[in-house]
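Undergrad: Please read through the structure below; I'll follow up with questions.
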Amino acid sequence: MSAHSHEIEEGLSFQPRFDASGLVTCVATDVATGDVLMVAHMNDEALRKTIATGEAWYFSRSRNALWRKGETSGQTQRVVEMRTDCDQDAVWIRVEQIGAACHTGRRSCFYRKVEAEDGGAKLVFVDADRLFDPDAVYKK
């Protein structure tokens with residue numbers, strides 16, 4: 001193991017490893033239940049703002065823009081704890097979720113399970129109740 005790898009894996013210096021697009025993957029879970037709420041991406045600015053403010057900030061690949069969770073919907077995330085994985089290319093935030101995490105109005109983005117069916121797969125809705133109407137909130 002190189003000295004650099006050892007420092008990344010065992011050291012106390014936070015040195016996030018951004019991908020070629022300048023992003024790290026972020027997994028957000030509910031601090032109270034442990035449920036996975038969403039998977040998103042952070043650039044350096046989103047990561048710094050999240051650490052500084054205690055609010056979740058992300059980078060939207062589709063909009064190519066920084067955004068604070070809840071800035072439009074009011075469905076915010078207060079960060080209780082942030083962790084990084086062994087090689088510092090992903091972060092996990094444990095949050096107090098206010099309302100829904102998903103832009104579809106659901107508590108979690110993981111509201112469908114994949115089930116085997118006739119050699120293929122199908123989706124089945126689970127925990128899919130909407131907490132808000134996305135058309136009303138986002139004025140689509």
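Here the Cβ of each residue, glycine as well, is placed from N, Cα and C on the backbone.
Quick paste of what Swiss-Prot says about this protein:
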BINDING   D85, D87, D89  Mg(2+) binding site
BINDING   C86, C102, C109  Zn(2+) binding site
Undergrad: Looking only at C-alpha atoms, tell me how far C102 (Zn(2+) binding site) is from D87 (Mg(2+) binding site), rounded to the nearest Å.
TA: 28
Undergrad: Helix, strand or coil: which one is D89 (Mg(2+) binding site) in, per DSSP?
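TA: It is coil.
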Undergrad: Just the number: how many Å between the Cα atoms of D89 (Mg(2+) binding site) and C109 (Zn(2+) binding site)?
TA: 22
Undergrad: Around C86 (Zn(2+) binding site), how many other CB atoms lie within 10 A of its CB?
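TA: Total other Cβ atoms inside 10 Å, all chains included: 10.
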